[in-house]
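TrEMBL lists A:35-54, A:61-81, A:93-112, A:124-142, A:162-184, A:196-212, A:265-286, A:316-334, A:354-381, A:413-431 with the feature transmembrane segment.
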Amino acid sequence: MNMRNILLFAGMALLIVLEGSTTFGGLFGGSWNTALFILNFGLLSAIMALGVNMQWGYAGLFNVGVVGFIALGGLAPVLIATPPVTEVWTTGGVGRLIFALIVGAGVIALAITLNHRLRGKVRLVALCVTLIGGFFLYRALFDPAVEVIEAFNPATNSNLGGLGLPVLLAWPVGAALAAGAAWLIGKTALGLRSDYLAIATLGIGEIIIATLKNEDWLARGVKNVIGIPRPVPYEVDLQSSSGFIEFAARFGADPVVASTIVVKLLYAVLFLVVLLVLITASELALRSPWGRMMRAIRDNEVAAEAMGKNVTGRHLQIFMLGSAVCGLAGAMMVTMDSLHNPGTYNPLRFTFLIWVMVIVGGSGNNWGAMLGGFLISFLWLKVESWGPAGLEYLTSGLDPASPLREHLKDSAAHMRLIALGLVLLLVLRFSPRGLIPEK
Amino acid sequence: MDLLNAVVALLNFVVIPATAYGAQLALGALGVTLIYGILRFSNFAHGDTMALGTGFVILVTWWLQSMGVTFGVLPTAFLALPFGIAATAAVVLLTDRSVYRFYRKQRAAPVILVIVSMGVMFVMNGVTRFVIGVDEIRFADGAKFLINANEFKQSTGLAEGLAFKASQAQTIVTAIAVVALLFWFLNKTRTGKSMRAYSDNEDLALLSGINPERVVAVTWIIASGLAVIAGTLYGLDKSFKAFNYFQLLLPIFASAIVGGLGSPLGAIAGGFLIAFSEVGFTYAWKKVATYVLPESLAPDGLAQLLSTDYKFAVSFAILIVVLLFKPTGLFKGKAV
């Protein structure tokens, strides 16, 4: 950390403090609530950016399915923390479902073994028979189980529920889920060229989102799961506790506002702890012999392979690690919202925006990715309000009823896509190593 | 057993829709594959180029309609198409000048160009939404059907109706014409030959005096023409929605890769392969099966292999299988 980087981070902190304390002619919100919201959003984004930076910055792997890994991590709080739906945990329901999933996995394992053992035409025939037969067997076992589960209480459940465990446990589980998916996709696509990996990850991202939206038995799909347990107290409980009202009064604050701020602060502390642990670990890893090996592989795969490094193995490892970090962030995000809403997983927001953060911050440098995460989150949230305000000012000469002005006002929300695309293009062109370049 | 009805049902629900969709994908994949062949990167902005171009076409269509101009039985959008292509080509050439050329001169790695195209995608996506909004727009006019399901039932006396939408017929005819023109251009004209030479071996082409900037400019113009035509046909057939075009990126890339990146013939084959598999896997086969199979064997359920929400999974699975077993695609594309 040199002086310049400290100044950059101080500037970022100043932006958030300004957002909380002043309105400055409408440029900032002037509310601690929004400032803390931006801070939490920034903390989550910084963690996601760290994950993408591991893949791209350390190893040069181009993953455009980040949204899928985040969404998969977000599934964990539902599966771990929500109360179990004991009514469907019967032999015909969840029992049969688990059996079907095991059979499905078995079919794929058998197909992979056959693929390794056999050669020529026999292999093709055997693979086709196994996969097609296995598919129908799986569906025959799976479909009735899903019907049983989804038929139970569709208004509030229709899913298999969770395990009722503490929600913080869901964070590592979310990371593990994402890492598992990364292992599957990495095993198949990592040996291929960089473009192909990009398309393959784009596909897996879409498929994970489609699954989460449509498999109601898993997490209610687009019907959303609400009221996921939280690791911090509820605002209403704080507002009714006499100790808290006294505490708020000591600051001369309204208990309602104070409770929302305290809850957001508690989340910020939790997220900050995770972020600090992650960045310490990544910095140590990057400086270790392992980190030097990763960079050697990134800069010259052929030379690294000639030195006896297992390029594909290391790629798989870093791909899983980076995806796990994204999954962790996804689990944390769902925990903060206490809402699982797969309809909001938009690749523009959760894949490409994270990429902008990494590139703007400085790919290959953890601090850079982190700063990029904060800065781009801030811009992403602020441009949404600056866009309409700016247009309001620009079109103030027009007749208020003019259709052009109406149209411009309606579309102003899309300004941020243009703005962030331009930021990405300008940084790539004029400062391709980012705000905090790799050493 | 009722083979005739089964054939009609199959045509109606599988063959005709999949052929039209395949033609749209093939046109999109041709653009991707041309850019890959000449500029040597996967253009992630292609879906949004399609959306932007279709947006231009819709605007001109509305303007023509407000002037009272229509195109008889054909949709007015066909009249607007040349304007849309010209506007899109101008935007794309401007993008090349201001964005891509810098990296080309630097001989940047292909993956950097992919990231740059991601930035272009962001901007184009925003501009499209800004200009035309995010809502679903239907802009087809003119005749709706070539063969109407009810009339078909009455005239043939069959239980199954056969509907052949005008937009599907227009898609297929336009695609054939465009592809024929493209192949004639690539194989017979001097510019087309220089493009193929450049794609095969850049250094050799430069040595023989081919102007690279001209080849690149022509490639962008052709690719944007293909993108706008594909986008407009897709919009006429289904409807226009900016986000759907972004999502088309996956089947389009799958088509181009399955056929072999850089191979125009492969892009067409890939487009139809993807389209037929997508429709085939997500179609509920109950109806056809009940006609063909004896009554005792008829299925109880819908006999649908996958729900339509998983159509991406089909193109993805084909993509993975082809990449694992034949990494250069079915038609021997290039690997950079």
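Cβ atoms here come from the backbone N, Cα and C positions, even for glycine.
Beyond the transmembrane segment (A:61-81), the same-chain residues lying 6 or more positions past its ends with a Cβ under 8 Å from any Cβ of the stretch are 48, 51-52, 55, 159, 162-167, 169-171, 173-175, 177-178, 181-182, 185, 190, 194-195, 197-198, 200-209, 212, 218-219, 225, 228-229, 315, 318-319, 322-323, 326-331, 333-335, 340, 342, 345-347, 349-352, 354-355. In this chain, the transmembrane segment (A:35-54) lies apart from the transmembrane segment (A:162-184): fewer than three C-beta pairs between them fall below 8 angstroms, excluding pairs fewer than 6 positions apart. Against the transmembrane segment (A:124-142), the recorded stretches A:93-112, A:162-184, A:265-286, A:316-334, A:354-381 differ in Cβ pairs under 8 Å, and the greatest number is found for A:93-112.
Non-local neighbours of the transmembrane segment (A:316-334) in the same chain are 44-45, 47-48, 50-55, 58-59, 61, 63, 66, 69-78, 170-179, 181-183, 185-187, 190, 228, 270-271, 274, 278, 294, 340, 354; each lies 6+ residues outside the stretch with a CB under 8 Å from one of its CB atoms.
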